[in-house]
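Chemist: Can you keep this structure in mind? I'll have questions shortly.
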Amino acid sequence: MSSLRCTIAKHPIIFLVETSTTLNQLKQIHTQLLINGILNDPHLFGQFVATIALKNPINLTYSNRLLDHCHNPTLFTFNSMIRAHCKSSTPHKSFEFYKRILSSTHRLSPDNYTFNFLVRTCAQMLSLESGMLVHGSVLKHGFDSDQHVQSGLIFMYAEMGCLDSCHKVFDQIPVPDLVCQTAIVSACAKWGEVVFARKLFDEMPVRDLIAWSAMISGYAQCGLSRNALDLFNLMQIEGVKVNEVSMVSVLSACTHVGALDQGRWAHAYIEKNRLKMTVTLGTALIDMYAKCGDMNKAMEVFRCMRERNVYTWTSVINGLAMNGAGEKCLELFSMMKQAGVRPNEVTFISVLRGCSVVGLVEEGREHFDSMRRVYGIEPQLEHYGCLVDLYGRAGRLDEALKVIDDMPMIPHAGAWGALLNACTIYKNTEMGELASRKLVELEAKNHGAYVLLSNIYADSKDWDKVTDVRQDMKARGVKKLPGCTAIEVDGEVHEFFVGDESHPRYNEIEFMLGEISRRLKLAGYVANTKPVLFDIEEEEKEDALCKHSEKIAIAFGLISLKQHQPIRIVKNLRRCNVVSPGALFAVLRVLEFVIL
């Protein structure tokens, strides 16, 4: 008989235990059961102990003490204790009860439930050694053909990143059921084998919500956001209801490609289908709106959330910082502290960025120092990189370099990159060469270090050194990552690369590029041609700049969007000197003529 079948017929007293909320109430029930002799029945005693353990992890210690006074615990009782500890903060204690099963004087033997819970325990512990021992015991006791155990093993190895072991388990299943198929799809999608995962997914005769969610999440994690959104649309066509987990992955995909319209549609879906606005889902919504440039909507979601945690606060603080609202970012940080929410390491990265974008150097330094002094948080590499950026953006390059020199750990590429970026802005060739050299030492294939150094030489018209940098890149096999800009029109994301002429409406785009250039000149704008790293005529440089991916995307937006619609573009590169604030302002002036 299965060790869990006794859960079907519950004694009425068990329902009373399930509704008890405090330890004192449980003790009172326990006393009455002892007085009436009801617990003399080993099966009822097992149900009593199991219910206490599973109902509330806080009472695990009490259930352990009860079990110590039982002379002949049932297998159901031991399995329930393994299951309860598997889900607790002390999963390793599950093995104590497994040992008691093996050493039992009542000829108890582990069953499929025992191993299913033990496999979950190993996954919770992330202990590969324990997992392999449990797998060996599964084979020894003959439960390797149990599909619940098989799916559990796939899940366990996936949690530990052992994808080869997942495949080995799956390949040994003659006829995998839906649970096992979903487990392997989830494993492959989680660890980047999205092509194989999609092949398995498409071959599944029936696909449950977990399989859909795993596939969408896998695409989103691998940066294949458009695939994730396409699959989400297919999910809607097939009438599959979406849960919170799926929607978080969908919102992440929208965030990555700047698909604000699709993100808004996802938000409307959440409200229409009355999905519970959990902290995780609300935070994902805030992040999507913030990174797509709609901070007003992000703040609206934030204000409407009933429950917020440190990640929610950090997400909106980061959104304000990345959208240039440094002062509001710091105001919200003060509100966060007043609300009793303790900031974490990521919060301070966002706060330092907020200080950096508005030039609040002294305040930023104070927040940096407060990490260790007030909150006991030891600054990490990312925090020092933000501090270098803070001083560098303000033109205080010597102090930025001193931060790097005083770092208690080996400076990382982020710190040297921030200094190199500042040297480019303030045209400090000597320090820029130092930063570039250090950056290349750390990341020999980092094309950004070469490009920024080239920009410094190009600014001073030192074309010989520009050529030397390009030759060095070629010798080292370093290739510049092509600039890519995405724009969403009518819910569809269009991507453009520098010099891209492949779009079906390119003739219209090229005409609009010419019109933009003409009107910019009429408005008095003079193109910044220094970033063009070739010694050619100014007119040729302007032609080269006209084909930048940002301008192509803007031109496409002008010919595609309706009047009064904002043009939002998303770039794959962090920064571009070509489209400077002055140029963007001039383009906005052009929009007034063209769109309105």
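In case you wondered, yes, glycine gets a Cβ from its N, Cα and C as well.
Sharing the features that TrEMBL gives for it:
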DOMAIN    524-577  domain 'DYW'
REPEAT    74-108  repeat 'PPR'
REPEAT    208-242  repeat 'PPR'
REPEAT    278-308  repeat 'PPR'
REPEAT    309-343  repeat 'PPR'
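In the displayed structure, how are the listed features positioned relative to their neighbours?
Modeler: When averaged over the repeat 'PPR' (74-108), pLDDT in the model lands at 88.
Within its own chain, the repeat 'PPR' (208-242) has Cβ neighbours under 8 Å at 178, 181-182, 185-186, 188-190, 192, 194, 197-198, 201, 249-250, 252-254, 256-257, 259, 262, 269, 273, 275, 493, counting only residues six or more beyond its boundaries.
Long-range contacts of the repeat 'PPR' (278-308) within the same chain: residues 244, 247-248, 251-252, 254-255, 258-260, 263, 266-267, 270, 315-316, 318-320, 322-323, 325, 339, 341, 568, 570, each at least 6 residues beyond the stretch ends and with a Cβ under 8 Å from a Cβ of the stretch.
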Chemist: How many helix, strand and coil residues does the repeat 'PPR' (278-308) contain under DSSP?
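Modeler: Tallied per class, the repeat 'PPR' (278-308) gives 23 helix, 0 strand, 8 coil.
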Chemist: Within the repeat 'PPR' (309-343), count helix residues (DSSP H, G, I), strand residues (E, B) and coil residues, in that order.
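Modeler: The breakdown for the repeat 'PPR' (309-343) reads 26 helix, 0 strand, 9 coil.
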Chemist: Using DSSP, what is the helix/strand/coil residue split across the repeat 'PPR' (208-242)?
Modeler: 26 helix, 0 strand, 9 coil
Chemist: Taking DSSP states H, G and I as helix and E and B as strand, how many residues of the repeat 'PPR' (74-108) are helix, strand and coil?
Modeler: 24 helix, 0 strand, 11 coil
